[in-house]
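Below is one structure, written out as structure tokens; comments come after it.
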Amino acid sequence: MAEFVRAQIFGTTFEITSRYSDLQPVGMGAFGLVCSARDQLTNQNVAVKKIMKPFSTPVLAKRTYRELKLLKHLKHENVISLSDIFISPLEDIVLRWGCSYFVTELLGTDLHRLLTSRPLEKQFIQYFLYQIMRGLKYVHSAGVVHRDLKPSNILVNENCDLKICDFGLARIQDPQMTGYVSTRYYRAPEIMLTWQKYDVEVDIWSAGCIFAEMLEGKPLFPGKDHVNQFSIITELLGTPPDDVINTIASENTLRFVKSLPKRERQSLKHKFKNADAPAIDLLESMLVFDPKKRITATNALAHEYLAPYHDPTDEPVAEEKFDWSFNDADLPVDTWKIMMYSEILDYHNVEAGVAAMEGQEFNGQ
């Protein structure tokens, strides 16, 4: 059994295996605290995320289980990868397990911090957007919608390598998908208008908002609230077409949209005066009201603007779709705990098998 050590970070106890040392806080969110650490086994810096009280409710239990399943399944250069997961011996798996620890790569910074510190030059904007779309092509091919894409969920290292992270809100591709998700500035209009019938296109809209922010140096649609957010969008992109308005299910929302003054779509080249024509063309194809007319990640990669980096032989898709069979399950917390424990055991068994195979190959050389 692994030896565990304790550390106090911001008043929170981290009980981790002795494999990890030099814990330093790097971020805190609604669901957990993230620390950097040194992996003694690989001599690499890693991020250790402690998920607080993941089994306090069935909803949070499913969220934690979903994030682990996704991290195990998604294996791509532009998606954050899982390198370890464990529970502390103080937490009882059946009765009161109150935390779990996910260990992933540590990239040093995120796009939000970069954007608030300095303007980005064209080649960096192109390279970052290329990697975002390359990651989305893979994620979408796995049957997964991120749903909460924003600059703080885009991690970057000193080599400008980029990885999409935080799949806690990710969902199955589902034409009847519902829910109030995503940070408002980057939220697609179909989520605000209908709360239903949305799919992978919501991530393309979010990526378009991030692209615009990289070009402009500030958020494109900084709405103060739900209503103001949509109004700001129409000021730039004009009134939604009738076929989009007709999909609105809520009478109150429909009444609000129809009450707005008729607006014409503004030319993005006047808004983004320093952007070249290919950048404007790609941005316009991403920020389209009708999700079915929005460009796909695959087609965006082939766009002229991303030509310096586009390589169709090195933009892989998922080998198989993600298994969402658990997602509609309405299970008690104890069942989610057992399922989570099973996934952790499976992860370590697979990792041990891979290590053994690599050892055999090495010894056979």
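Counting starts with 1 at the first residue shown.
Including glycine, each Cβ sits where the backbone N, Cα and C put it.
Swiss-Prot lists Asp148 with the feature active site, proton acceptor, giving sequence analysis as the kind of evidence. Asp148 (active site, proton acceptor) counts 20 other C-beta atoms within 10 Å of its own C-beta, drawing on all protein chains shown.
Every protein chain considered, the tally of other Cβ atoms within 10 Å of the Cβ of Gly32 (ATP binding site) stands at 21. If you look up Swiss-Prot, you'll see Val26, Gly27, Met28, Gly29, Ala30, Phe31, Gly32, Leu33, Val34, Lys49 marked as ATP binding site.
Per Swiss-Prot, domain 'Protein kinase' is recorded for 20-306, and the stated evidence type is sequence analysis. For the domain 'Protein kinase' (20-306), the model's average pLDDT works out to 87.
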Note = For Met28 (ATP binding site), the same-chain residues 6+ apart in sequence with C-beta under 8 angstroms from its C-beta are Phe10, Val34
Ask   = If you draw a 10 Å sphere on the Cβ of Val26 (ATP binding site), how many other Cβ atoms land inside?
value = 17
Request  = Would you kindly give the Cα-Cα distance separating Asp148 (active site, proton acceptor) and Gly32 (ATP binding site), rounded to the nearest Å?
outcome  = 17
Ask   = Using Cα coordinates, what distance in whole Å links Val26 (ATP binding site) and Asp148 (active site, proton acceptor)?
value = 20
